[in-house]
Amino acid sequence: MERNLKNVLVISFGFLLLFTAYSGLQSLQSSLNAEEGLGVASLSVLFAALTLSSMFLPPVIIKKLGCKWTIAASMCCYVTYSLGNFYASWYTLIPTSVILGLGGAPLWSAKCTYLTIAGTSYAEKAGKNAKDIINQYFGIFFLVFQTSGVWGNLISSLILSQSSNQGEISEEDLECCGAYDCLTDATNSTGSERPSDSLIYTLVGVYTASGVLAVLLVIIFLDQIKSDQEETENKKLEASSFWSTFLATFRHLKDKRQCLLIPLTMYSGFEQAFLAGDYSKSFMTCALGIHYVGYMMICFAGINSLCSLLFGKISQFTGRKLLFALAAVLNTGCIITVLLWKPDPKQLAVFFVIPGLWGVSDAVWQTQTNALYGILFEKNKEAAFANYRLWESVGFVIAFAYSTKLRVYVKTYIVLSVLVLSMVTYGAVEYLEAKSSPGTPAATKKENGGPHSQETHM
């Protein structure tokens with residue numbers, strides 16, 4: 001096997017093992033560590049740390065350690081979060097959430113840098129176009145990586161389904177499920193009862209082992225990048241590092257279009273946090289049991305991945321406006337259903353239809369918002385995407401921060417309000433674009449194309 005391709009596969013399967021653990025733990029936090037809102041508080045702290053990390057750490061860490069050891073060290077940060085879940089408390093989960101958040105940004109930056117260098121290196125040897133090879137390598141990476149959500153949640157559901165706490169949920173307990181929940185740490189005595197310690201230790205043990213395997217895979221099998229290539233990439237990183245990146249991010253807010261896109265970008269964080277934190281706890285766990293959360297997230301992640309691929313292809317024919325309208329309608333329908341529907345275990349299909357449709361709309365938010373940033377701010381991509389990461393993380397932080405303080409119906413209205421606001425401000429952006437370049441072929445061409453990314457994972 002060609003050396004660069006081998007390295008791409010090592011990184012891809014390393015990330016698969018690492019995020020199999022992380023995605024499973026993230027989905028379960030609101031249900032598994034519900035006492036005093038510890039689980040969602042840890043996620044809020046995690047995304048806050050990630051926001052700070054994104055602004056300052058990647059160039060500095062990669063310059064000091066190089067790509068290989070940055071990836072290995074950052075993966076160890078994720079493993080500490082798994083370890084913190086063995087004895088979940090404010091003294092274990094919050095510090096490990098900070099550690100994971102700080103390691104998240106260097107991990108993704110080092111991965112992108114490594115794949116770019118590997119692609120360029122192979123293209124030079126083979127006499128091929130570097131851009132084509134880099135795209136091919138990223139395609140291989142995401143093909144492998146995107147399945148992590150399926151495996152992580154499948155593991156949790158299979159292990160937690162062994163719980164002896166399962167049983168028939170009474171009508172009285174069901175009254176505390178849904179949008180008008182009772183705002184207690186344990187919403188009923190059957191469905192959301194914490195699994196036995198032995199099952200939790202088994203689950204977290206499997207996740208920790210998966211993370212450790214990811215670290216070992218990278219340390220043993222990933223090659224170091226040649227020093228001359230690494231030096232070139234470090235210079236590029238230095239040029240856009242620390243204060244220059246920080247200041248450029250906020251200077252970019254002088255662009256009226258960027259300010260108008262803030263609600264849409266934050267909405268991406270709000271809606272993902274609502275599904276993972278509130279729907280999973282107050283609907284799935286409360287009415288069906290914690291072992292169903294994994295199956296729900298598999299449904300969401302599977303449909304999301306397929307639709308992301310589909311929308312990336314068909315956007316050139318439909319244009320982004322139609323896709324945004326579709327996502328808004330589907331998400332609004334799901335939100336209204338959540339408000340009006342009283343969860344009933346006999347209506348099992350409904351529990352999965354909602355996250356399925358949510359996955360369709362989330363695929364639009366991820367692919368088309370990324371594409372929109374790439375198209376509108378083509379000459380200033382770095383600052384634009386730094387703003388994207390910043391405001392999406394702010395959305396996550398806010399949503400997880402108020403998660404334990406408000407009843408679900410209030411949080412549902414907040415999500416709906418942010419959606420309406422984001423569609424109004426997005427419409428204003430489209431109006432400004434149409435006004436600045438009415439009917440020009442270039443504008444039409446731009447609207448129908450553009451890059452799309454699914455790198456919303458931590």
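From the backbone N, Cα and C atoms, a Cβ is placed for every residue, glycine too.
In TrEMBL this protein carries:
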| type | residues | note |
| --- | --- | --- |
| COMPBIAS | 444-458 | compositional bias 'Basic and acidic residues' |
| REGION | 438-458 | region 'Disordered' |
| TRANSMEM | 39-57 | transmembrane segment |
| TRANSMEM | 69-88 | transmembrane segment |
| TRANSMEM | 94-117 | transmembrane segment |
| TRANSMEM | 137-160 | transmembrane segment |
| TRANSMEM | 199-222 | transmembrane segment |
| TRANSMEM | 289-311 | transmembrane segment |
| TRANSMEM | 323-341 | transmembrane segment |
| TRANSMEM | 347-365 | transmembrane segment |
| TRANSMEM | 386-404 | transmembrane segment |
| TRANSMEM | 410-429 | transmembrane segment |
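Long-range contacts of the transmembrane segment (94-117) within its own chain (CB-CB distance under 8 A, at least 6 residues past either end) are made by residues 7-8, 11, 15, 22, 41-43, 45-54, 57-59, 61-62, 67-68, 70-71, 73-78, 80-81, 83-84, 134, 137-138, 141, 225, 229-230, 233, 237, 455, 458. Proximity of the transmembrane segment (137-160) to the transmembrane segment (289-311) is established through 3 or more Cβ-Cβ distances under 8 Å for residue pairs spaced 6 or more apart.
Between the transmembrane segment (323-341) and the stretches 69-88, 199-222, 289-311, 410-429, the greatest number of Cβ pairs separated by less than 8 Å involves 410-429. Long-range contacts of the transmembrane segment (289-311) within its own chain (CB-CB distance under 8 A, at least 6 residues past either end) are made by residues 23-24, 27-28, 31-32, 146, 149-150, 152-158, 160-161, 163, 165-166, 190-192, 194-195, 275-276, 279-280, 323, 351-352, 355-356, 358-360, 362-364, 366-368, 452, 454. Counted as Cβ pairs under 8 Å, contacts with the transmembrane segment (69-88) are highest for 199-222 among 199-222, 347-365, 386-404.
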